[in-house]
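These come from TrEMBL:
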| type | residues | note |
| --- | --- | --- |
| BINDING | A:C336, A:C338, A:C341, A:H367 | Zn(2+) binding site |
| DOMAIN | A:12-383 | domain 'tRNA-guanine(15) transglycosylase-like' |
Amino acid sequence: MKLFLEKITSSGGRVGRLVWCTESAQSVLETPLCLPYTRAGAIPHIVQSVYQDLSPRPTAAMLTLPSLYELPGSAVLKEYDYGIHNFLNMKDQFLYLSIQDPHCPPRSGFNEEKSTSVWTNGGRMKVSVAGYMEFVRASRPNVFESLCDSVSSQTNKLKRVRKSVDRTLRFLDQTLAMRQNCQVLEECGLLGAVVGGDVYEERVRSATETVKRPVDGFVIEGFDLEHSHECYQSILQSATSVLPQSSPRFIHGVYSPGDILTAVESGVDVFDSACVLTATENGCAFTFHNSSSDCVENRRENRGATENIAAEPPSHQIDLNDEKYAMDFSPLLRGCECYCCVHHTRAYIHHLLITREILASTLLMMHNFTHLMKFFASLRDVLRSPLESDYLHFKSLCAFPEHFLHA
Amino acid sequence: MPVATGGAIRGLTSGGVIATGTRILLSNAWHLMLQPGDERIATLGGLHRLMAWDRPILTDSGGYQVASLENLRKVSETGVHLRSYRDGSPHDLTPERAIEIQRNLGSDIAMVLDECLSLPAPPEEVERAAARSLRWAERSLVPQRAPGQLLFGIVQGGTLADVRRDNARALVSLGPPGEGFDGFGIGGLLMGEAGEDTRRMTALSAEVLGEERPRYLMGAGLPADLIESAGLGMDLFDSVIPTRLARRGIVFTSTGRLNVSRAPYRDDVAPLDEECECLACRDYCRAWLHHLLRAKERIAATLLSAHNLTFYAGLMARLREAIAADCFSDFHEENRHRWRSAGSPG
């Protein structure tokens with residue numbers, strides 16, 4: 001896996017291409033990139049035959065260890081011996097394996113000197129470097145995150161934060177040692193985890209030390225919805241400013257459009273789509289701005305056109321549980337071309353939610369996924385534009401306050 | 001016909017349902033009347049528009065559903081007075097109202113409102129309910145239906161041969177010639193009675209109902225029930241079995257019936273059924289489905305439902321071929337025990 005940067009904008013955002021090789025071909029993913037979040041190897045609520053109705057059709061995914069470590073687990077995958085790509089029928093896709101599940105962050109206080117804990121369906125399991133490497137060897141993802149001890153931003157104790165940095169580096173060194181002797185592991189890309197909570201010095205130390213190791217990229221750990229905006233950017237930048245330009249930077253747990261843009265400006269390249277699941281499970285449909293084709297003239301025209309229809313104030317999302325949608329026969333979002341907006345109405349989704357039909361989740365996932373992917377495509381467009389004003393205009397339209405995911 | 005109670009099947013989009021080979025769905029008029037409301041659906045343009053399903057839909061009037069709500073309903077000659085299970089509001093479901101609801105929904109085939117009894121019931125009750133159902137059926141022919149909508153009458157009479165025979169005869173002759181019912185449901189069976197009784201009543205009903213109009217055995221069923229009943233002259237069936245059993249991990253395959261949530265499938269990387277081309281067998285292995293089910297991922301129910309619906313559609317196609325080629329009895333002999341569960345009687 002290699003990152004080719006096309007451009008670094010004056011705002012700090014990078015646009016580029018992640019190139020990776022399969023046996024048969026070379027494939028390209030454009031950055032800033034949003035990887036489809038999966039659980040138990042599947043995009044939640046979406047069966048694979050529906051992938052053709054998603055836009056774009058998924059060619060990459062983020063696998064989450066907690067939902068795969070117990071089942072299928074190393075034993076089944078080892079016996080199967082064709083790797084996780086074949087097991088999950090995702091043969092030519094780019095698969096990235098993360099240690100934790102960003103949709104369901106782990107409880108703190110359960111990591112130890114020699115292991116990190118993940119919560120599987122069967123309960124807590126301790127993951128040591130050896131156990132994890134066995135899983136990676138059996139599954140052979142394209143790239144995997146190094147085992148890490150990540151503390152949430154709410155952990156203030158310096159001693160605990162220091163320990164997390166030390167442990168993570170030790171895990172990384174053990175991983176590198178095991179990888180050195182194993183060709184299968186060497187063929188998988190390795191991402192070093194940059195931890196350090198909210199402590200600047202520790203963030204810098206973690207980043208600086210990780211850079212000294214031969215890794216293929218970095219995951220900036222420890223950010224989640226609880227972060228307040230003020231220190232989020234500065235802490236993030238304290239880490240990313242130390243990392244080599246040409247290395248891809250991954251992040252989890254960053255989901256509001258405003259936070260995504262802040263991360264992009266801080267030099268992050270790869271995100272995940274777990275927020276799509278959160279919105280869906282709340283019965284919400286994304287409506288935040290995601291189009292790059294709006295310029296000032298367009299907006300004026302659109303405003304004139306929509307004044308004839310009931311004017312809707314801009315919002316991040318709408319909650320389809322609300323009774324007011326019971327007779328609303330318009331699509332989830334006018335102008336959206338996703339399967340749900342083309343075939344169904346707000347009234348139908350509201351009905352499905354009331355009757356607790358799982359089709360509500362399927363249709364909302366289709367909309368929210370398409371919406372978020374379009375946001376990233378538009379983001380790449382405006383970053384590529386020679387006019388910085390395009391990016392700033394886009395940013396002004398979609399930056400929203402925090403807590404946007406709490407309906 | 002698989003059952004799409006509230007207008008949806010187990011997380012499958014319309015395209016997904018069509019891919020299973022399913023050609024017609026059943027929806028419940030009564031559930032839809034309570035939520036979202038038949039008039040709302042009419043405003044939108046009908047049930048087909050709501051579901052984005054442009055193939056046939058049959059709606060059940062609600063007679064069976066209200067029978068199970070003993071505390072919430074009161075039956076009289078006018079109809080059924082009942083309370084919504086959603087918000088307790090009172091509703092009057094009369095034969096006329098049932099036709100009106102189904103007109104608003106715009107289904108292709110509507111069913112009359114009938115009085116269903118839970119078995120066992122004393123013979124005089126069965127006879128009384130059958131007579132009332134007949135009077136309700138006659139009232140159902142009067143109100144206007146949606147353009148092109150067909151209406152089926154329903155034969156009642158429990159397991160009492162004479163009552164059922166008389167009921168069927170009367171039903172067949174209702175309405176002016178050529179304007180009576182377009183088909184008949186055989187109701188009041190598969191409610192816990194002995195298999196032998198089901199067979200006798202089915203055969204009897206078929207005999208009386210005549211050859212020209214379709215016969216719909218309501219609530220059938222397991223694969224064995226379908227094969228047997230087809231042999232007795234039934235044309236249409238509906239069942240929640242393919243989707244309900246799928247939720248528990250039970251699937252029907254070309255070699256038999258299995259429960260993929262059981263331990264042996266934990267590391268079985270074969271597809272559910274080597275001969276099946278459904279969206280579950282094409283893209284997922286047993287071990288992964290086992291895991292998805294155990295992890296309570298919703299797509300497990302969707303995938304296994306899709307498989308079972310594909311199986312049922314395929315079974316019915318093979319059944320039709322066997323009948324057309326005049327080798328039904330061989331087909332019956334070969335397959336009548338194939339999909340029984342371990343504990344079910346022969």
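Each position is counted from 1, following the chain as shown.
Glycine is no exception: its Cβ is also placed from the backbone N, Cα and C atoms.
Positions of TrEMBL features highlighted on the structure.
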| residue | record | DSSP class |
| --- | --- | --- |
| A:C336 | Zn(2+) binding site | coil |
| A:C341 | Zn(2+) binding site | helix |
| A:H367 | Zn(2+) binding site | helix |
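Long-range Cβ contacts of A:C341 (Zn(2+) binding site) within its own chain (separation 6+, distance under 8 Å): A:P331, A:L332, A:L333, A:H367. Listed binding-site residues: A:C336, A:C338; maximum Cβ neighbour count within 10 Å falls on A:C338.
Mean pLDDT for the domain 'tRNA-guanine(15) transglycosylase-like' (A:12-383) in this predicted model: 89. A Cβ within 8 Å of the Cβ centre of A:C336, A:C338, A:C341, A:H367, the residues given for Zn(2+), is found for these other residues of the same chain: A:A285, A:P331, A:L332, A:L333, A:E337, A:Y339, A:C340, A:V342, A:M366, A:T370, A:H371.
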